[in-house]
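First up is the structure itself, then whatever we jot down about it.
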Amino acid sequence: MRGTPKTHLLAFSLLCLLSKVRTQLCPTPCTCPWPPPRCPLGVPLVLDGCGCCRVCARRLGEPCDQLHVCDASQGLVCQPGAGPGGRGALCLLAEDDSSCEVNGRLYREGETFQPHCSIRCRCEDGGFTCVPLCSEDVRLPSWDCPHPRRVEVLGKCCPEWVCGQGGGLGTQPLPAQGPQFSGLVSSLPPGVPCPEWSTAWGPCSTTCGLGMATRVSNQNRFCRLETQRRLCLSRPCPPSRGRSPQNSAF
């Protein structure tokens, strides 16, 4: 059916209005500020929705529009109607995205990351698995080291054992692997049984988001007590409006 002249006029007016709105949002030629904006750590500079100027990509939970685009490298898309009261748009994860969110940052499927220098994690199927990088063994007092203690070493991630003498005077580092005869427990000979002894895993260190749980166990090649740690997730932290979610597990 052919439209009437009145219908044609209405359609033409609508096109003119849309063109005017886009012209206001996307000026021609491009007029961009110099120097470009400085983005927070981990936030990339991207072209705006007009393909004109470089802007800081919007992060998870932040408002977005045609000009202020979401960080596509983190699997974020601009979802209309996701703002307060169903108004506006927010940067959210795509429904089919299998990335992981840790401490307010997103990681892709298969990507490895370290939320702390003592832990290495891998993103898998929307979750993550982690392994500790520091030994958590327990040094028992011995004849040649009656007061072993673990200390933080400047410039190193993992604490180290030292043998304190005289209230901290004359401390000497203990070797990473004990010698054949030094008072330290060596690994068990083959065939010697080691009765398993472990405490229950303690509560998660955080009420929401990524945390740490600990226990004491002798399940190691030395058959001696050590403090073991593993990551825990009590429940996801609720996203904060206008800001990237934060986590204080580390």
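Just so you know, glycine gets a Cβ as well, placed from its N, Cα and C.
Every protein chain considered, the tally of other Cβ atoms within 10 Å of the Cβ of C26 (disulfide bond) stands at 16. Following the DSSP three-state reduction, the secondary structure of C26 (disulfide bond) is coil. The feature disulfide bond is assigned by Swiss-Prot to C26-C50 (among others).
Among the features that Swiss-Prot reports, disulfide bond is placed at C30-C52 (among others), with the record citing sequence analysis. According to DSSP, C52 (disulfide bond) is assigned to coil rather than to any helix or strand. Around C52 (disulfide bond), the C-beta neighbours below 8 angstroms that are at least 6 residues distant in the chain are C26, P27, C30, C32.
According to Swiss-Prot, the disulfide bond annotation covers C32-C53 (among others). In sequence order, C30, C32, P33, P36, L47 are the residues of the chain that are 6 or more apart from C53 (disulfide bond) and have a CB within less than 8 Å of its CB.
Other Cβ atoms within 10 Å of the Cβ of C56 (disulfide bond), summed over all protein chains shown, number 18. The annotation disulfide bond is assigned in Swiss-Prot to C39-C56 (among others).
Sequence-distant contacts of C64 (disulfide bond), defined as residues of its own chain at least six apart whose C-beta falls under 8 angstroms from its C-beta, comprise R58, C70, C78, A89, L90, C91. For C64-C78 (among others), the entry in Swiss-Prot reads disulfide bond.
Secondary structure at C100 (disulfide bond), taken from DSSP and collapsed to helix, strand or coil, is strand. Residues near C100 (disulfide bond) in space but far in sequence (CB under 8 A, at least 6 apart, same chain), listed by position: L106, Y107, C123, E124, G126, G127, F128. The disulfide bond annotation in Swiss-Prot covers C70-C100 (among others).
Annotation comment: Swiss-Prot describes 98-164 as domain 'VWFC'. Model confidence over the domain 'VWFC' (98-164) stands at 80, taken as the mean pLDDT rounded to a whole number.
What Swiss-Prot lists as domain 'TSP type-1' is 194-238.
The annotation signal peptide is assigned in Swiss-Prot to 1-23.
Within the same chain, residues at least six positions away from C39 (disulfide bond) with a Cβ under 8 Å of its Cβ are L45, C56, A57. Neighbour density at the Cβ, taken as the number of other Cβ atoms within 10 Å, is lowest among the disulfide-bonded residues C30, C50, C70 for C30. For the domain 'TSP type-1' (194-238), the DSSP counts in helix, strand and coil order read 0 helix, 17 strand, 28 coil. When secondary structure is read from DSSP and collapsed to three states, C32 (disulfide bond) falls in the coil class.
Neighbour counts were taken as the number of other C-beta atoms within 10 angstroms of each residue's C-beta; across the disulfide-bonded residues C32, C78, the minimum falls on C32.
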